[in-house]
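This report concerns only the one structure given below.
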Amino acid sequence: MGDRKCCGVSAAKLILSVLLFLVTGACVALIVVLVIRETDTDPEPQSQTYLIGVGRADCTGSAAEIPMMGYANSQQKAAGIHTRLYSRAFIIDDGNQRVLFVTADIGMISQRLRLEILKALQEKYGDLYRQENVVLSGTHTHCGPGGYFQYTLFMITGNGYVKESTEPVVNGIVKSIDIAHRNMKPGRIYVNKGNLDDSSLNRSPHSYMNNPEDERNRFDRNTDKQVVVLKFTDLDGDGIGMISWFAVHAVSMNYTNRMVSSDNMGYASYLLEQDKNFGELPGQGSFVAGFSSSNLGDVSPNTRGPHCINTGLLCDYLNSSCPVGGTKMCKAFGPGEDMFESTRIIGHNIFMKAKELYATAVNEVTGSVQFAHQWVNMTDVTVQLNDTHTGRTCKPALGHSFAAGTTDGGGDLNFTQGAVEGDPFWDGIRDALLGPPSNETKECHHPKPILFSTGEMNWPLPWHPSIVDVQIITIGSVAILAIPGEMTTMAGRRLRAAVKKELEAGEKFKNPEVVIAGLSNVYTHYITTFEEYQIQRYEGASTIFGPHTFSAYLQKFTNLARAIAQEKVSELPCRS
């Protein structure tokens, strides 16, 4: 019958035409996809591997009749164990350089500890781990051992040098480093950050409010809520460790406690390590979680705030005292019904936020490992305040409000926070026993009324350090600032912003993450802003190098950051 036709076209030809059209369309689509792929200007970044080592070791030591460090209470001696204390070490090597960061469950790092630890590392590893690339930081628990200082002021409350305290801390820190060194393997690093609410409170809001209004208006809160996490994995993506920084005092365990305790930060470490090392005993397992101190100077975990324990009323806002009983009656509490519950609550909050940030960390850290270190004579730093005026730091001295203590642990005598005038009674006793401060020191520290002119007291040993080290280590775009003391919220914010600006001026740092690692390398008490210093609450009275202390540190740390950004670290003098 011949071929069927539709509108004069055979069915076979129609089918062939449709097939040709479909094939042509598919080819065009494929070409478009290939062209788009070839011209993509934003390829996925290449990941970078580091050699990473993590290690943990016990540093508890004796738990009976050992003086505790933190509350400056010579009667607070250990009588048991609440939680054991650990040192946690993290080594990062980019193939050319390496850095070592340690966070230990102790009040702070002293120069004596640092020197003994560096000496032990020198004997084992030569120049591999040295003062320039090693940061040692304390979690700032106030229920760890004392007796590991060489300066007289700390030896008074720590009952001098205590071998039973010092040796376990040194040995534990060195052992954690040994373990990290042996366990080094290729891996990757990720950074993440987020906010944690309901876990901190500013204990000196009157001082904070003296900072410039326009500066305060840039922030929602008067404490840093930011949690920063570094996540370490092997090349298969399996977790091997984490470091977290959050600004809060480790004083959930109060001054009445007599048991060795790692407090809220140590409890957070315990929870995350138990979570990651499932089925292991505490202190065992390969995953290491370090929770490190930050700019916690004016930050308390006692979120119910200060109340007069004899009346239940709020303490006086300006000087944290009560109508009856003075500062001794003003105590901060919470959030739990007792210090053990408060430790669990705050520690659990920190753990949960860190766990969340760890699980969601996808921003990979890439770039080289660098470090910069300098010694600074903090008693005589000239600070450029503006184009026409300079300031100068002072010999160490403590003000009257130092003896008042804080709402987390007040003093036993009739001192109050916010004192800008001396007390004739106490000044007379000081003059008779220790001698008066010089006019030069009094003028330099103004408006601080000096209680102890420690920079002029050298018997039987110097009472305070004068030569202090400042240090920055960078891992890719993450910069860790080793702060030799307790920096307040606003001081930490200013320093982070200034260092970030210096790093971004270089070609290798794009949107760097700058973290404050407090209580590192040597202890010099507090570091407030100039404005906070004028109020002379506890933190200002304990800023030992005078009103320009923070400005001096700002100047020194920005110099280090500039040297790193410009790749001129080798040109830095070892002492400035």
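Glycine is no exception: its Cβ is also placed from the backbone N, Cα and C atoms.
As recorded in TrEMBL:
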type	residues	note
TRANSMEM	12-36	transmembrane segment
DOMAIN	50-555	domain 'Neutral/alkaline non-lysosomal ceramidase N-terminal'
BINDING	His140, His249, Glu486, Tyr526	Zn(2+) binding site
ACT_SITE	Ser300	active site, nucleophile
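Structure coloured by features recorded in TrEMBL.
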residue	record	DSSP class
His140	Zn(2+) binding site	coil
His249	Zn(2+) binding site	coil
Ser300	active site, nucleophile	strand
Glu486	Zn(2+) binding site	strand
Tyr526	Zn(2+) binding site	strand
Original post:
Neighbourhood of the Zn(2+) site (His140, His249, Glu486, Tyr526): other residues with Cβ within 8 Å of the Cβ centroid, in order?
Top reply: Ser293, Leu296, Gly297, Gly485, Gly518, Leu519
**OP:** Could you tally the C-beta atoms, other than its own, that fall within 10 angstroms of the C-beta of Ser300 (active site, nucleophile)?
**Re:** 23
Original post:
Within 10 Å of the Cβ of Tyr526 (Zn(2+) binding site), how many other Cβ atoms are there?
Top reply: 24
Subject >> Least surrounded among the binding-site residues, given as His140, His249, when other CB atoms within 10 Å are counted >> reply: His140
Original post:
Between the residue listed as 'active site, nucleophile' and His249 (Zn(2+) binding site), how far is it from one CA atom to the other, in Å?
Top reply: 5
Original post:
Do any residues at least six apart in sequence from Glu486 (Zn(2+) binding site), in the same chain, have a Cβ closer than 8 Å to its Cβ, and if so which, in order?
Top reply: His140, Leu296, Gly297, Gly518, Leu519, His525, Tyr526, Ile527, Glu539
Original post:
Averaged over the whole of the domain 'Neutral/alkaline non-lysosomal ceramidase N-terminal' (50-555), what is the pLDDT?
Top reply: 97
